[in-house]
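One structure is given here, and the rest of the page talks about it.
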């Protein structure tokens, strides 16, 4: 039997999951919310608890197995949790942890790994984490580094990693292969995906801008060009909405299925974020984002029959709609809001807030008050055992797991930055409390099997690296003081977050781009 331990400082703030206040309509302002500084400190305490367990039992391996106090290496045995935690430790100004990480990063040999390499995952976690660390430590948080040599090493190691990965782009079209074998400089020969091709450009362009080596950016931009100009025409069933599979030999799409769910999601996310990064260079990306947004509102927006007040985005195959979504897709509200702020389009902000509300509903209706991995709302496909649940909530659960994902809290963060409405801070605190109460086990925090079962069902004994990078960062930032890296309240941003929540200085900012 695993003994549950809690950090004392957090325990004073966190109530049990069963005691969390239930959302009622109309919304009533909460009276029991701790002050913002206490909430922020509660998240820092959780970060430190998770880090201390990882550092004791798993470092420098990729992930902690908190139930068994073991470790795993799903991300190439380069210390994924350490690199993913760096930007969060910086923002929280946890100097001791920052220096533990930057002392380690120069020792990584990115040219060797015992396992296959994902170009996408390696880019967003490792490359993104190191570039973000460099931007912070070469800028506003320079005082947190004990050794300037370690700061410079972040950029050098970013170049080493990009150099090791760069052969992936050596294809007839320039669209890379995603699944790589470093031992043979080979790949698995399979088609690539919309997200795995379309979520490289921010990291590789930032690296190019920091180093002056334009080749890094050009590789990712060429790959992206096939997504911005999709062929054949049938792969774009509505303007801006495209398929999900691309042939690296030709650069052409092989299907017309997609949506805002896993496998396609962050392509759309990066279209607006590249415009935020540099409007002068990436106006075409903005144009494509606007097309996708308008088409999503017109064709994908869906309301469950029992709860027409709720809005989610459906997935599609051609022009056929399926009423399914995922926790992964719940970043969509935040992305609509970000773009609406940047463009001064209130209708995008308002629609984004509706999406945020829909994802909030998936949290507050389950036994743990955490949303499921996958859910549906097709009234013709409701499992018999969930009929009553569907009629009350508007959705049924297809996969009840929770893999320590950030997207719902991420969108609460963008909603709060846009509106200043304390409701979103309350929602984020409730979600943080529920996640803390349900996933805390042994030496850290574990994914769980069933959000709609008592105590989350069972533990999977796995603490994702993005628990550090994303969940705890967004949970902290929504309560944290103003800082230049906070998302702008007025649509003007000095920093832009990659899909792993690693903030990059926007182009031309900070005096060292």
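Note that Cβ sites are derived from N, Cα and C of the backbone, with glycine treated the same way.
Residues or ranges marked as active site, proton donor in TrEMBL: 121 (among others).
The active site annotation in TrEMBL covers 265 (among others).
Annotation source TrEMBL lists active site, proton donor at 373 (among others). Proximity of residue 373 (active site, proton donor) to non-local residues of its own chain (separation of 6 or more, Cβ distance below 8 Å) is seen for 326, 327, 398, 399, 400, 401, 402, 403, 405, given in sequence order.
Positions annotated as active site by TrEMBL: 407 (among others). When Cβ atoms from all protein chains are considered, those within 10 Å of residue 407 (active site) total 22, not counting its own.
Cβ contacts within 10 Å of residue 499 (Ca(2+) binding site), excluding its own Cβ and spanning all protein chains shown: 25. The feature Ca(2+) binding site is assigned by TrEMBL to 499.
For residue 330 (disulfide bond), the count of additional Cβ atoms within 10 Å of its Cβ stands at 30 [all protein chains shown]. Feature annotation from TrEMBL assigns disulfide bond to 330-359.
Per TrEMBL, signal peptide is recorded for 1-19.
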Residue with minimal Cβ packing [other Cβ atoms within 10 Å] among the active-site residues 121, 265: 121
Cα-Cα distance linking residue 499 (Ca(2+) binding site) and residue 121 (active site, proton donor), given in Å to the nearest integer: 10
Other C-beta atoms that fall within 10 angstroms of the C-beta of residue 359 (disulfide bond): 28
Cα-proximity to residue 359 (disulfide bond), 10 Å cut-off, over recorded positions 265, 407, 499: 407
